[in-house]
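Participant: What follows is a single structure, and I will ask about it in a moment.
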Amino acid sequence: MGIFCSVIKFENLQDLRRLCHWGPIIALGVIAICSTMAMIDSVLWYWPLHTTGGSVNFIMLINWTVMILYNYFNAMFAGPGFVPRGWKPEKSQDSMYLQYCKVCQAYKAPRSHHCRKCNRCVMKMDHHCPWINNCCGHQNHASFTLFLLLAPLGCTHAAFIFVMTMYTQLYNRLSFGWNTVKIDMSAARRDPPPIVPFGLAAFAATLFALGLALGTTIAVGMLFFIQIKIILRNKTSIESWIEEKAKDRIQYYQLDEVFIFPYDMGSKWKNFKQVFTWSGVPEGDGLEWPIREGCDQYSLTIEQLKQKADKRVRSVRYKVIEDYNGACCPLNRGVRTFFTSPCTEEPRIRLQKGEFILATRGLRYWLYGDKILDDSFIEGTSRVRGWFPRNCVEKCPCDGDSDPAPEGEKKNR
């Protein structure tokens, strides 16, 4: 549904710099190795083209490669869709329900979030994917999910070719002795013999490609099921986190209210159709969304504003007592700090003795917060935020006994 309906816009191809990143280089390398080796193994050593089955098999391999690459590049270059710079709601009074992004100089539309990597506010942002070096969001969610489906299917087909090639080529070449196993790599397995013999180099290349194909099938297949779960609930991973924090906030303050997620249409099929359409274009403009009964366009954004206000209330001021160079895993801060470094792409921030930090959340040995640079921090115009070790700072006496609890303990408070 919609696999070939959406078209990569030509003007977006100017951004070829997205290919110059370790994610696309590895992803395209794996696709190239698996598809090329599968075709070579099929034609030369397993299923020759002069047979009907061999021709059908070869066409299927080409088809997998084309569909995988199409959806991959569509997800990369079409992009997730960005909130227009300077955007604001049609009704000026509605701006009170929205957060303002000072980087984009625009209000954050419902379901949009600012991506530090893309440096833009992304429509219905799910996450920034390093493998496509772009965000997964409103406009490319379908292509991204189809890529996650087609890649494991194509790799499963390729893995079958690799296994059968090695089996058919080695079956008559093994000789077992009392203490040894010998392989005669010069023995021919096909009649007529292949143009290129299946030697040690071909065996090693096929075995390597098999490992890549199986690894891709498992890893990317798991990502596909995660995305399908997100689509059927019509709830991105970020929105799942917001909903979890909403329940935590209500429980923490023992409030008499219930948070209802506004974008779950109550039917998996209806949620599915929000992303996958026959035209290949997702439903909606990325700024306004269909909502369930009893909610409005700003139900989620109002909850986000409540959480932001709550975060300010629960934040704790710290003073830096030891320098920190911003290393991801600083061994000089202790073994426990080294091995419990947060597994996230969020940055670490350099600290100098005497600076002040406003911490908003934390782990057992790490804290996350904003460096208080000057008075402009209060206005939100200047922010340097990230993770830093707990043992580099001490709590300011004016903040009493409050302390950002480790994230795993928040629900027990």
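Note that the numbers count up from 1, one per residue, in the order the chain is shown.
Here the Cβ of each residue, glycine as well, is placed from N, Cα and C on the backbone.
So Swiss-Prot lists the following for this protein:
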- Cys129: active site, S-palmitoyl cysteine intermediate (ACT_SITE)
- 99-149: domain 'DHHC' (DOMAIN)
- Cys328: S-palmitoyl cysteine (LIPID)
- Cys329: S-palmitoyl cysteine (LIPID)
- Cys343: S-palmitoyl cysteine (LIPID)
- 1-24: topological domain 'Cytoplasmic' (TOPO_DOM)
- 46-57: topological domain 'Lumenal' (TOPO_DOM)
- 79-143: topological domain 'Cytoplasmic' (TOPO_DOM)
- 165-194: topological domain 'Lumenal' (TOPO_DOM)
- 216-413: topological domain 'Cytoplasmic' (TOPO_DOM)
- 25-45: transmembrane segment (TRANSMEM)
- 58-78: transmembrane segment (TRANSMEM)
- 144-164: transmembrane segment (TRANSMEM)
- 195-215: transmembrane segment (TRANSMEM)
Participant: For Cys129 (active site, S-palmitoyl cysteine intermediate) and Cys329 (S-palmitoyl cysteine), what Cα-Cα distance in Å is obtained after rounding to a whole number?
Facilitator: 23
Participant: Quick one: pull the CA-CA distance for Cys343 (S-palmitoyl cysteine) versus Cys328 (S-palmitoyl cysteine), whole Å only.
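Facilitator: Checking the Cα atoms of Cys343 (S-palmitoyl cysteine) and Cys328 (S-palmitoyl cysteine) gives a distance of 10 Å.
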Participant: List the residues of the same chain that sit at least 6 positions away from Cys329 (S-palmitoyl cysteine) in sequence and have their Cβ under 8 Å from its Cβ, in sequence order, or write 'none'.
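Facilitator: Non-local contacts for Cys329 (S-palmitoyl cysteine): Phe338, Phe339, Ser341.
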Participant: Cβ under 8 Å, sequence separation of at least 6 from the ends of the transmembrane segment (195-215): give me the contacting residues as numbers and ranges.
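Facilitator: Counting only partners 6 or more residues beyond its ends, the transmembrane segment (195-215) has Cβ contacts under 8 Å with 30, 33-34, 37-38, 41, 44-45, 155-156, 158-159, 162-163, 165-166, 169-170, 185-186, 188-189.
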Participant: Sort out the residues at least 6 away from either end of the transmembrane segment (144-164), same chain, that have Cβ-Cβ distances under 8 Å to it, and list them.
Facilitator: 3, 31, 34-35, 37-38, 41-42, 46-47, 57, 60-61, 64-65, 67-68, 71-72, 75, 129, 132, 136, 206-207, 209-210, 212-214, 216-217, 220-221, 223-224, 227-228, 231, 275
Participant: If I take every residue in the domain 'DHHC' (99-149) and average their pLDDT values, what number comes out?
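Facilitator: In the predicted model, the domain 'DHHC' (99-149) has a mean pLDDT of 95.
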Participant: Do any residues of this chain, six or more beyond the ends of the topological domain 'Lumenal' (46-57), have a C-beta under 8 angstroms from a C-beta of it, and if so which?
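Facilitator: For the topological domain 'Lumenal' (46-57), the sequence-distant neighbours (Cβ-Cβ under 8 Å, at least 6 residues beyond its ends) are 161, 164-165, 168-169, 190.
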